[in-house]
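Notes follow the structure.
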Amino acid sequence: MADYLISGGTGYVPEDGLTAQQLFASADGLTYNDFLILPGFIDFIADEVDLTSALTRKITLKTPLISSPMDTVTEADMAIAMALMGGIGFIHHNCTPEFQANEVRKVKKFEQGFITDPVVLSPSHTVGDVLEAKMRHGFSGIPITETGTMGSKLVGIVTSRDIDFLAEKDHTTLLSEVMTPRIELVVAPAGVTLKEANEILQRSKKGKLPIVNDCDELVAIIARTDLKKNRDYPLASKDSQKQLLCGAAVGTREDDKYRLDLLTQAGVDVIVLDSSQGNSVYQIAMVHYIKQKYPHLQVIGGNVVTAAQAKNLIDAGVDGLRVGMGCGSICITQEVMACGRPQGTAVYKVAEYARRFGVPIIADGGIQTVGHVVKALALGASTVMMGSLLAATTEAPGEYFFSDGVRLKKYRGMGSLDAMEKSSSSQKRYFSEGDKVKIAQGVSGSIQDKGSIQKFVPYLIAGIQHGCQDIGARSLSVLRSMMYSGELKFEKRTMSAQIEGGVHGLHSYEKRLY
């Protein structure tokens, strides 16, 4: 027998890799590219991996993905798409309070069970009023009541079929002349269950099902499009009223309290306090204010990168923490301010501390690939916030433009001079609203068209599931348990190892991800 072979069976297994505690015991700060996770044992298929994870103390998502509150990433279209696929979007606040509240309202109205506050018109309104409502809200199936309000007697309904072929000169036509009259409508009685109402809607083959009381007064409405959305998006993030979940960002100054009032009136589910450095007297005071005035509202504090920063916000009463400082692709905070922390270390250190108090953390920034998402979750993050990864998608705000034959969309940091010049909200985020000289902490750029997140996010979800499968974790909660117990093992990567782990040795190649 060769002298290098060991006889006696395979019971002996040498210790291999580092625990997370050992990995981050050194004084060096680590980013996601600085380490790998060692594989485990596979005894399940990737589709079985449960990605359910906590956003805050009281809000749980079926997909651990969040869109960042940036003005080139998240408005209503992005927030709707993210919620439909099990995540959530945070509407940016680099705009007027009224605009932001209206974007939240669009998300909350997008998909519902019983719609109790639909757009309602009267017979004396015109076709032009319907077209205006369609342009503003994106739908045209509008119930008609005697007074044009909920709780009034139902007299008909106007759908696109009633007005599609009317000429522009007919836009002044009264709805009483074009509406489908009450006698031809299929309705359901008040008190009907959502399941029963859905069955009636399916049998009737109508687009809308009005719900009326004993006096034939309109009390709610159900839309066929919502049935289709329920079928197509089983993971959708919804509140107790079956409305899509929506978050929004606010600042920490006195005038942000008015913005907060409008957002709560619009039905926002969770607030993120948007600051580049969250460990401040301003943010602590705002947390106290929100918890006193709106105790039901979930509040996410941040941004933080140390346990000491996290402690002050947890003591103030936050329900979640946003972790990251200077690690975003468009952020130059570390370069300009000399403050920040490598994101891998920041996520691990803050998550390890915050979990003792039941506070979930969001890994915000530095996410370039689906592998980075898996690493962030393996270090203790409950969810991952994405900016550049979602920028230049169809759902991101802004118009496409061409440069050198490439289709692009603008993407900028909220600390860029571009963003600061648009609104004072960006200046407040970086504590510079009173400065005579503005110090940029971000840049403006452009990103190549990525298409719709309807294709991109499913790719991310599948990638996370396959990553967990290779690790041997059936769920994200199991993944975190493996990390904290020491079962999950890591290994540092040299620069040569990073080169080896990427594409190399080819004359040319095409990198198609999905």
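Along the chain as shown, residues are numbered 1 onward.
Backbone N, Cα and C atoms are what each Cβ position is placed from, and that goes for glycine too.
So that you can see what the record holds, here are the features copied from Swiss-Prot:
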type	residues	note
BINDING	Asp274, Ser275, Ser276, Gly324, Met325, Gly326	NAD(+) binding site
BINDING	Gly326, Gly328, Cys331, Glu500, Gly501, Gly502	K(+) binding site
BINDING	Ser329, Asp364, Gly365, Gly366, Gly387, Ser388, Tyr411, Arg412, Gly413, Met414, Gly415, Gln441	IMP binding site
DOMAIN	179-237	domain 'CBS 2'
MOD_RES	Ser160	phosphoserine
MOD_RES	Arg341	omega-N-methylarginine
MOD_RES	Arg355	omega-N-methylarginine
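Taking the features listed in Swiss-Prot, we show where each one sits on the structure.
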| residue | record | DSSP (3 states) |
| --- | --- | --- |
| Asp274 | NAD(+) binding site | coil |
| Gly324 | NAD(+) binding site | coil |
| Arg341 | omega-N-methylarginine | coil |
| Gly387 | IMP binding site | coil |
| Glu500 | K(+) binding site | helix |
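Within 10 Å of Gly365 (IMP binding site), counting C-alpha to C-alpha distances, fall the following of the recorded positions Ser160, Gly324, Gly502: Gly324. Look at the domain 'CBS 2' (179-237): DSSP puts its residues at 23 helix, 16 strand, 20 coil. For Met325 (NAD(+) binding site), the nearest neighbour among the listed recorded positions (Ser160, Arg355, Glu500), judged by C-alpha distance, is Arg355. For Cys331 (K(+) binding site), none of the recorded positions have C-alpha atoms inside a 10 Å radius of its own C-alpha, out of Ser160, Gly387, Tyr411.
Considering only the recorded positions Ser276, Arg341, Arg355, Glu500, Gly387 (IMP binding site) has Ser276 as its nearest partner by CA-CA distance. Straight-line distance linking the Cα atoms of Gly502 (K(+) binding site) and Asp274 (NAD(+) binding site), rounded to a whole number, equals 35 Å. Among the recorded positions listed here, namely Arg341, Arg355, Glu500, Gly501, Arg341 has its C-alpha nearest to that of Ser276 (NAD(+) binding site). On its own chain, Gly324 (NAD(+) binding site) has Gly302, Asn303, Val305, Gln343, Ala346, Val347, Ala363, Asp364, Gly365, Gly366, Met385 as residues at least 6 apart in sequence with a Cβ closer than 8 Å to its own Cβ. Checking each of the recorded positions Ser160, Glu500, Gly501 against Asp274 (NAD(+) binding site) by C-alpha distance, the shortest gap belongs to Gly501. Here the candidates are the recorded positions Ser160, Ser275, Gly326, Glu500, Gly501, and by Cα distance the one nearest Tyr411 (IMP binding site) turns out to be Gly326.
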